[in-house]
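Asker: Before anything else, here's the structure in question.
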Amino acid sequence: MRRIRIFDTTLRDGEQTPGVNLNIQEKVDIAKQLARLGVDVIEPGFPLTSPGDFEAVQRIAREVEGPYICGFSRAIIRDIDETWKAIKDAQKKCFHIFISSSDIQIKHQLGKTEKDVLEIVKSTVYHAKQYTDEVEYSPMDASRTRLEFLYEVIEAAIDNGATVINIPDTVGYATPIEFGELIQKIRKNVRNIDKAIISVHCHNDLGMAVANSIVAAMNGAQQIECTINGVGERAGNAALEEVVTHIAARKDYLGFETGIDLSQLYKTSKIVSRYMGIPIPVNKPIVGKNVFTHESGIHQDGVLKERSTYEVIDPRLVGRDDSVILLGKHSGRHALKVEAEKLGYDLDEERLNKLFNDFKKLTDVKKNVTTADLESLIIESAAKAVEEAYVLEKIRVVSGNIETPSAKVVIKDSKGNLLEAEQTGNGPVDAVFKAINSVIKETENLTLYKYSVSAVTEEMESLGEVSVTLREKEKLYTGIGTHTDIITSSAIAYIDAINKAIAANARAQKN
């Protein structure tokens, strides 16, 4: 059976989702989970975007084993040299070189000609090949590129060392039949295409990313590029969990398979959702809350008699296990560490100590702590992997329908000083945020960009998880807070986002 390689770009293309700004520890955690999932290639970021991105790619290259770690680079010699410094320590490494190839992008974005682009591709692919055996080349906007030029530039890339040719539908313009025919034409008209793997990278602007990816594979593509939960710019990318589950469910018809451990899908989806602060829609295929829920009486009757009557896959196949492990106030550090490892988190001593303290605080207000609660605490801990300039010490809120909501906060700064403030607002959360703003001077240039709330479990005493994104000019900072009291969660998340903004500005000044 033909094997399709899975190239994950959650940490590069996926992180370009508006409002997403992962810290280094979050990126490392996601990369390690992608390795457990079994992806063939991880594109961990764009190293030259910032010193933080460079460090994240470098750490992933050093710490993550199994998949290829792919360095994403513009078709510029000096960029390739610098990108190599970020990926060189990886067990398995490769390059991904890209440049626009469509008439509209060559003319209006690059200000060049097709001849210019052809020469750039030859020289940069050859240069990258001097560093590593595997080099991927992407003619960006391939689905809108003049076919004769597309064939020519692909041939030139392969002649100069490219081992993977990626065909991007950059703006999600193609339809499935059309995209499948494009792959066929490339296989037929590119003289040396047998010397390279054909990859596809589909965007979802017209809702066809997964369909285009599957049809491309049916027509000979050997690698599919995708992201967890379909995250990415604009309408996102092909959703990895949908692509690989479709291949697994219909391998009898499709005749190919992947190396993905499907049982890790749901866990990976949740980690990415929480770190990025993007809730999973309830009807999202494979990982949405309602996907295996049956409301119709006829459907319920059928599922009770035989699950396959209305479920095309067993939920357990993709890691949708409803079993719950309960921890309580008498649970020790070892039990906590074991459960964290079962969830896929390898915690060092510092992170374990922090988690244990947070866990003990939670058991004071919640009798039983579930695996979902524990995972939420771990994710919140990773989200706070920056030096905390401010920490919430106390909070008191007065609210109701007969008086103006007010909030009092006590915040400790990095020097141990306690800062107090009380404010009223248009609701308790607004009052809390105004109180925080009144004592933290660094909030002057920050504005609220996004606020979302979700319950970690469905119990009455469930942890409430809040994601707050703040904007400072063109930069976005996302904080996460969890607590059984949603107002407290909001305050924690708000201060977390502020701390990230402060840390980012400090790094920028240092550099």
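Positions of Cβ are set from backbone N, Cα and C atoms, glycine also.
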Asker: According to Swiss-Prot, His201, His203, Asn237 bind Mn(2+); which of Asp8, Asp13, Asp430, Asp485 is also listed for that site?
Answerer: Asp13
Asker: Select one residue from His201, His203: among these binding-site residues, choose the one with the most other Cβ atoms within 10 Å of its Cβ.
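Answerer: Max Cβ neighbours within 10 Å, all protein chains included: His201.
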Asker: Other than its own, how many Cβ atoms are within 10 Å of the Cβ belonging to Asp13 (Mn(2+) binding site)?
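Answerer: I count 24 other Cβ atoms within 10 Å of it.
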Asker: Other than Asp13, His201, His203, Asn237, which residues of the same chain sit close to Mn(2+)? List them in sequence order, counting a residue when its Cβ is within 8 Å of the Cβ centroid of the site.
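Answerer: Near the Mn(2+) site, beyond Asp13, His201, His203, Asn237, sit Thr9, Pro168, Thr170, Cys202, Asn204, Ala209, Glu225, Cys226, Thr227, Gly232, Glu233, Gly236, Ala238.
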